[in-house]
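Features of the protein shown, as given by TrEMBL:
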- 48-65: transmembrane segment (TRANSMEM)
- 74-95: transmembrane segment (TRANSMEM)
- 101-122: transmembrane segment (TRANSMEM)
- 131-151: transmembrane segment (TRANSMEM)
- 193-211: transmembrane segment (TRANSMEM)
- 226-248: transmembrane segment (TRANSMEM)
- 255-275: transmembrane segment (TRANSMEM)
- 281-300: transmembrane segment (TRANSMEM)
- 307-324: compositional bias 'Basic and acidic residues' (COMPBIAS)
- 307-346: region 'Disordered' (REGION)
Amino acid sequence: MVALNKFLSKKRLIGLGLGQFVSLLITSTGFASSELSRKGIDAPTSQSFLNYVLLVVVYGGWMIYKKRSIQTKWYYYLLLGFIDVEANFLVVKAYQYTSLTSVMLLDCWTIPSVIFLTWIFLKTKYRIKKFAGVAICIAGLALVVFSDVHATDRTAGSNPVKGDLLVIFGSMLYAVSNVSEEFLVKTGDRTELMAMLGIFGAIISACQISILERNELKSVHWTPGAVFPFVGFSSAMFLFYSAVPVLLKISGSAMLNLSLLTSDMWAVLIRIFAYHQKVDWLYFIAFFAVTIGLIIYSWGSEEEEKTSEKADVDHEEVKCRDEESANGDLLAGPSSGSQGFGDGKH
């Protein structure tokens, strides 16, 4: 009963609820992109443009209101904005070639990519359990690609292999973006990061739209059925960008990874009930493998956090004992070895 009450604590319930909210936001972006693809609209950069504009208006406006100065060099944000725009471009572009389910599962490739980058550049140490979890995730992702290659029907998309590769490359760019954000947050501010990412993301997106998607936007018949997915995608992306840092603060990265995993389940349900498409049985095995892999990965993260906290506590205890010992030596010194000096001094 005590364990149940501990599990159902207010903080944990808020983390669970916010995690599922974030998961539904990711599923919503995938559903909107899939709907635009079904309508023959191929404008991936345009879908993300409004999201960056919203980031500028909200977070940039807040910085101006608070009269905050920029703490980090602007060209770091320029590079981050470029990477983020291209990552969104590749993943959204993939919906033109592969299925919603494949995209939602394959974007888990971000996790091993983040591990590799943080290990190389941020010198983060990982245990065997994390590598085991990542290996199982990769096995599940391989099953998705294998299923798309050998798909007997064309519900998987016009070119599933090309779409899968776009998602994998986009996930790698997402990993670079995530690691860069982690580095910038340590030296800057979350509000500044969102505002500057919005500014440079909007500028880069506008340039790319004028070059690659200008004719596509002219040919679109802007009916409510075409406008709604655009607005829905941008709104969901903005809320996702805003909610993730809050979830990380409440529950940590383990809860975030597990919450985003459920977006794959929502994607499968949308494909079955909304699109009335058949899902290959390998998808369910892949989903199970990715689930087990991420649980093992998150379990390893929780143990590392506990070990780190214990090490910090032990270090503080040792430090306190050293300080007490040093203070004791200072107090004992005059009374023993320099008693006459002390009496004369006072």
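Positions of Cβ are set from backbone N, Cα and C atoms, glycine also.
The largest share of C-beta pairs under 8 angstroms with the transmembrane segment (193-211) comes from 48-65, of the ranges 48-65, 74-95, 101-122, 281-300.
Of the Cβ pairs linking the transmembrane segment (48-65) with the transmembrane segment (226-248) and spaced 6 or more residues apart, 3 or more are under 8 Å, so the two regions touch. Tertiary neighbourhood of the transmembrane segment (101-122): same-chain residues 26-27, 30, 91, 94-95, 130, 134, 137-138, 140-141, 144-145, 148, 156-157, 160, 163-164, 167-168, 170-172, 174-176, 178-179, 182-183, 257, 261, 263-264, 267-268, 271, 279, 283, 286-287, 290, 294, 297, selected by CB-CB distance under 8 Å and a gap of 6+ residues from either end. Same-chain residues lying 6+ beyond the ends of the transmembrane segment (226-248) with a Cβ under 8 Å from its Cβ atoms: 15, 18-19, 21-22, 25-26, 28-29, 32-33, 35-36, 39, 41, 46-51, 54-55, 58, 190, 194, 220, 255-256, 259.
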